[in-house]
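K.L.:
Got a structure for you, written out below as C-alpha cells; questions coming shortly.
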Amino acid sequence: MGKGAALSNEVVKKIILSYTYVALWIFLSFTVIVYSKYILDRKLYGWPFPISLTMIHMTFCSSLAFLLVRVFKVVEPVSLSWNVYLTCILPIGAVYSVSLWLSNSAYIYLSVSFIQMLKALMPVAVYTIGILFKKDTFNNSTMGNMLAISVGVAIAAYGEAKYDSWGVFLQLLAVLFEATRLAMKRILLTSKGIILNPITSLYYVAPSCLVFLSIPWIFLELPILRQSSSFQFDFAIFGTYSLCAFALNLAVFLLVGKTSVLTMNVAGVVKDWLLIAFSWSVIKDTVTPVNLIGYGLAFLGVAYYNHKKLQAKKSQQADEEARRLLLERDSNGSSDSQA
C-alpha cells in the first residue's frame, strides 16, 4: 500500500513537472513570436529593423550563455578544436543568422497566423534537404505526405486575406535556411559525436551569428538608424524581448531534457493553434475558413509525419535492444563454455 502510494505520488509529480515544462515552453515561444510581431510591425511599435533586433537578441543571449557556461558553470562547455569551430560552428552560425534575419523580416509583411501556417512546411524542407545531403532516403509514402502538407499550405496561402508575395518569399527562404541549418548540424556535429544543448549552442554559435549579421547591418540598417535622430534605445522593450528569447532557449533545454522531442513537437502544434486564435481575436488579423481548411490539412500531414518518425524511432530502439540482448546471451554462453 505504502509503496503503491509512493509510486503514484512519484508518477503524479513527474506528470505535473512535464506539463509545467510544456506550458512554460508554449508561453515563452508564444511571447517571443508575438513580441517580434509587435516590435517589427510598422502599425504597432513600428521599428522595422529585423537585423538590428536579431543582433540585440544575439548579443544578450551570447552574454548570458557565457556567464552560465564560464562563470556560474551551469553546463559544461564542449571541447572544440579551432578546426571544428571554423569548419562546423561558423558555417552553422552563418546559415542560422540568415534564417533569423529572414524570419524576423517576415513579421513586417505577414500576420502571425499566416506565418505559423507557412512554418508547417518545415518537415517538407527538412526531408528534401535530407535527401539532397543523402541523410534520408526517398520514400513514396513520405513524399506523398510531404505533398499533402504542401497542398495544405498552398490552400492556406490562397485563402490569406492580406497576402504579401515578398513576405511569403522571405518566410519560405527562412524555412529553407532553418532546414539547412538542422541538416548541417546533423552532418557537421552530430555525426562527429558533438552534442550541443541550447545553452552551449548559444555559447558557440551566437557570437558567429553576430559577426555575420554585422555585414548586412552595416550596409542596410546602420545608415537609416543614423539618419533617424528620434530613435532612442528602449531598454524595457528590447531588454524584456531578449530576456524572453533567452528564457525560451532554457525552456527548450528543460523540455527536451526532461520529456522528449516528440513532446515538444506536440506542444508546438498546440502553440500554433493558440497563436492563430490570438492573432484572430486580439491582433484582429483576418483568418478565413479557407486558411483554416488549408492549415488543417497541413497540420494532419505534419502530425502523420511525426507519428511515422516516432514509430521508426521505436522500431530502431527495439532492434538495438534485441541486438544488445543477443550479444549478452552470446557473451554469457561463451563464458559458460570456457568455465
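From the backbone N, Cα and C atoms, a Cβ is placed for every residue, glycine too.
Because TrEMBL annotations are produced automatically, they should be read as predictions rather than curated entries.
TrEMBL feature annotations, pasted as is:
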| type | residues | note |
| --- | --- | --- |
| DOMAIN | 20-306 | domain 'Sugar phosphate transporter' |
| TRANSMEM | 16-35 | transmembrane segment |
| TRANSMEM | 47-72 | transmembrane segment |
| TRANSMEM | 84-102 | transmembrane segment |
| TRANSMEM | 108-130 | transmembrane segment |
| TRANSMEM | 142-159 | transmembrane segment |
| TRANSMEM | 195-219 | transmembrane segment |
| TRANSMEM | 231-255 | transmembrane segment |
| TRANSMEM | 262-283 | transmembrane segment |
| TRANSMEM | 289-306 | transmembrane segment |
K.L.:
Would the transmembrane segment (84-102) count as touching the transmembrane segment (195-219), i.e. at least 3 C-beta pairs under 8 angstroms with sequence separation of 6+?
P.N.:
yes
K.L.:
Is it true that the transmembrane segment (47-72) and the transmembrane segment (84-102) have 3 or more Cβ pairs under 8 Å, skipping pairs fewer than 6 apart in sequence?
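P.N.:
Per Cβ check, the transmembrane segment (47-72) touches the transmembrane segment (84-102).
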K.L.:
Counting only pairs 6 or more apart in sequence, are there at least 3 Cβ pairs under 8 Å between the transmembrane segment (142-159) and the transmembrane segment (108-130)?
P.N.:
yes
K.L.:
Same chain only, please: residues at least 6 beyond the ends of the transmembrane segment (231-255) with a C-beta under 8 Å from a C-beta of the stretch. Say none if there are none.
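P.N.:
Tertiary neighbours of the transmembrane segment (231-255) are 21-22, 24-25, 28-29, 31-32, 35-36, 39, 45, 53, 56-57, 59-61, 64-65, 197-199, 201-202, 225, 263-264, 267.
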